[in-house]
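What follows is one structure encoded as structure tokens, with my remarks underneath.
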Amino acid sequence: MNPQAKLVFTSSLLLGTTITISSNHWVLAWTGLEINTLAILPLISKSHHPRAIEAATKYFLVQATASTLVLFASMTNAWSTGQWDITQLTHPTSSLILTSALAMKLGLVPFHFWFPEVLQGSPLTTGLLLSTLMKLPPIALLTMTSPSLNPTLLTAMAILSLALGGWMGLNQTQTRKILAFSSISHLGWMTIIIPYNPKLSLLNFLLYTLMTAAVFLTLNSIKALKLTTLMTSWTKTPSLNAALLLTLLSLAGLPPLTGFLPKWLIIQELTKQDMTPTAMAISLLSLLGLFFYLRLAYCATITLPPHTTNHMKRWHTNKPTNPTIATLITLSILLLPIAPMIPPIV
């Protein structure tokens, strides 16, 4: 893709996200969402492969439907209350329609079917944008409207997202699809806490973005789109593969690593809200995710490929690791000690 065109699309993405998260008026927020959708489409379909075109078409149809529902919800609310302010969403029907629309934009269950297919048809760098930056505006809107949302509905969607994200990721062999189901599962953790502590949800999103960016950029660096490619990449970049192991375990939420921090705080908050059975259910469902992260880690660092006569190992590269990847991996592994600083924030 032409560098100037790429710059225009990336700038439009940042502009759309900024407009949505900083607006108080529904029409302005909707405009930002539309700019985002139109800017990401060329980045999805830039390879001109039929699968990429299919992914772009699916993405456009789903996002257009969701944006229409956002506009419809805000108009219904304005009609009944006379308010276009985002924080004044008081009409129950509008609240229900908006929750469905934002769930569709995020890829929450039961509106999750488009997300793995779109991610599978996109390049890894575009997949990173779809999994992180494109999720920020809907999460910001959910946070701003959190007092008006139905906690029971959000809890049900979150538990279903955790369950389906875990189960459907178990049998995948494509790294992008595994990361798509991982994203759906993590969205469950963010959604379940929004009605009770929106700031904690944003903290979870920030840490999830750090860890996912580290995994996507590492996989892009070693050009691993399938688990079979991941099995032979250890000879090319052994140190990066070892770091990938720790980042994946952090994404799974194992205790000494960064990924444990948001899960710990969310379970603590749910227990304070007298939702101990829910906290126990999501803790058990996160074990499904742990299984496929361990599978990825096992393929990346522990499995040796079969020694057949026609098997050729990759050349070891002496190219230094990208400093961005190194910084993200460090943050993804070592941020747990900042936990004592978090309670005053949330």
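Note: Cβ is positioned from N, Cα and C throughout, glycine not excepted.
Marked as domain 'NADH:quinone oxidoreductase/Mrp antiporter transmembrane' by TrEMBL: 23-288.
Beyond the ends of the transmembrane segment (56-75), by six or more residues, the same chain brings 26-27, 29-30, 33-34, 37, 40-41, 44-45, 84, 89, 94-95, 97-98, 100-102, 104-105, 111, 114, 117-118, 121, 130, 141 to within a C-beta distance below 8 angstroms of the stretch. The transmembrane segment annotation in TrEMBL covers 56-75 (among others).
Sequence-distant neighbours of the transmembrane segment (95-115) (same chain, 6+ residues past either end, Cβ-Cβ under 8 Å): 33, 58-59, 62-63, 65-67, 69-70, 72-74, 76, 89, 130, 135, 137-139, 141-142, 145, 148-150, 153-154, 157-158, 160-161, 163-165, 180, 183-184, 187-188, 191. What TrEMBL records for 95-115 (among others) is transmembrane segment.
As annotated by TrEMBL, transmembrane segment applies to 152-171 (among others).
Summarising the annotation, TrEMBL assigns transmembrane segment to 178-196 (among others).
Under the heading transmembrane segment, TrEMBL lists 202-219 (among others).
Tertiary neighbourhood of the transmembrane segment (240-261): same-chain residues 182, 207-208, 210-212, 214-215, 218-219, 221-222, 233-234, 286, 289-290, 293-294, 296-297, 300-301, 321, 325, 329, 331-336, 338-339, 342, selected by CB-CB distance under 8 Å and a gap of 6+ residues from either end. If you look up TrEMBL, you'll see 240-261 (among others) marked as transmembrane segment.
Distant neighbours of the transmembrane segment (281-304): 158-159, 162-163, 165-167, 169-170, 172, 175, 178, 181-182, 185, 188-189, 192, 224, 227, 230-231, 233-234, 241-242, 244-245, 248-249, 251-254, 263, 266-267, 270; these residues of the same chain sit at least 6 beyond its ends, with a Cβ under 8 Å from one of its Cβ atoms. Annotation source TrEMBL lists transmembrane segment at 281-304 (among others).
As annotated by TrEMBL, domain 'NADH dehydrogenase subunit 2 C-terminal' applies to 290-342.
Among residues of the same chain six or more beyond the transmembrane segment (325-342), those with a C-beta under 8 A of the stretch's C-beta atoms are 203, 207, 210-211, 213-214, 217-218, 221, 240, 243-244, 246-247, 250-251, 255-261, 264-265. The transmembrane segment annotation in TrEMBL covers 325-342 (among others).
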Note = In the same chain, residues at least 6 away from the ends of the transmembrane segment (152-171) whose Cβ sits under 8 Å of its Cβ atoms read 96, 99, 103, 108-110, 112, 116, 177-178, 181-189, 191-192, 194-195, 275, 278, 281-282, 285-289, 291-292
